[in-house]
Amino acid sequence: MNTNSVNRTDCPEVKVPFLIFFTVGIVSLAENLLVVLAVILNRNLHSPMYCFICSLAAFNTIASLTKTWENLMIVFADVGQLEKRGPSETKLDDMMDSLLCMSFVGSIFSFLAIAVDRYITIFNALRYHNIMTMQRTGGILVVIWTTCGVSAVLMVRFFDFKFIMICFVVFFIVSLAIICFLYVYMFLLARIHAKSIAALPPGGGGKCQRQRRWASNMRGALTLTILFGAFVVCWAPFFTHLIIIMVCPLNPYCECYRSLFQLHVVLIMSHALIDPAIYAFRSAELRYTFRKMLLCSSWKLCS
């Protein structure tokens, strides 16, 4: 494509039908609410890791609800029921942007907390219950939700300043780097530990028990790695969009990428849709809980 011949009209904005936004939003909202209820109702899931997973599902619920309501507002505005730039609509739009930012920052912090929890589970198994108590887990969750709420309000309030947008992108990149480093380091150490277990003399139940516990912990770590990979795939295009706004706002090639913005938003919403499917596929306890919740009319009758 010749640079001289490219202009804004060569890459018209890609429009995603409202029905797709609405369907993805409603389904992901229902799925994540199901995860939250499963963790609350099943006492076997009352552990630090599942508390952090429940927190992640709650942030996904906020994202799904926010984007679904925002798209409903757009429909109402298109049919003349709402002013697109009225004062009350602007305030509501800012509030929804704050909730979306909150869900993003909360997802990052939740993944970081889960990664640290898995690290302690695998490499400090004997001290795990002393380190990760439920009281300490509750304190961590309070800090996460408070920090996310405050930072989201500040981000939206001052997002017109380029410095805030840069901080937002840098936070995303640095957080990904930290979590990736922690997972790589975890799996490298896991390989060394696996070799040391394999080198133990055969006989007795100690070696088999350690191998089973090790396999279970590594399966949990692999599940969370898959979740994190899905998060990166779904959110990275949006942050590439923000980088392009800062670096080349007038370049025609960049404008072609920016024309895909609605697809990037669908990807963000799809992240909330994908996570519960990964939970259900990888966790036998969650699958069991989902079946009881969906197939039984009363939780107590099914217990």
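Just so it is clear, glycine is given a Cβ too, placed from its N, Cα and C backbone atoms.
Record features, source TrEMBL:
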{"type": "DOMAIN", "residues": "31-279", "note": "domain 'G-protein coupled receptors family 1 profile'"}
{"type": "TRANSMEM", "residues": "20-41", "note": "transmembrane segment"}
{"type": "TRANSMEM", "residues": "48-66", "note": "transmembrane segment"}
{"type": "TRANSMEM", "residues": "95-116", "note": "transmembrane segment"}
{"type": "TRANSMEM", "residues": "137-157", "note": "transmembrane segment"}
{"type": "TRANSMEM", "residues": "163-188", "note": "transmembrane segment"}
{"type": "TRANSMEM", "residues": "220-247", "note": "transmembrane segment"}
{"type": "TRANSMEM", "residues": "259-281", "note": "transmembrane segment"}
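Highlighted: of the candidate stretches 95-116, 137-157, 163-188, 220-247, 259-281, 259-281 has the greatest count of Cβ pairs under 8 Å to the transmembrane segment (20-41).
Here the listed stretches are 48-66, 95-116, 163-188, 220-247, 259-281, and the one with the most C-beta pairs under 8 angstroms to the transmembrane segment (137-157) is 95-116. Residues belonging to the domain 'G-protein coupled receptors family 1 profile' (31-279) score a mean pLDDT of 80 in the model.
With a cut-off of 8 Å between Cβ atoms, the residues of this chain six or more beyond the transmembrane segment (259-281) that come close are 11-16, 20-21, 24-25, 27-29, 31-32, 34-35, 53, 56-57, 60-61, 63-64, 67, 107, 223, 226-227, 230-231, 233-235, 237-238, 241, 287, 290. Within the same chain, residues 24-26, 28-29, 32-33, 35-36, 39-40, 96, 99-100, 102-104, 106-107, 110-111, 113-114, 117-118, 121, 132, 134, 137-138, 141, 144-145, 148, 220, 227, 268-269, 271-273, 275-276, 279 sit at least 6 positions outside the transmembrane segment (48-66) and bring their C-beta atoms closer than 8 Å to a C-beta of that stretch.
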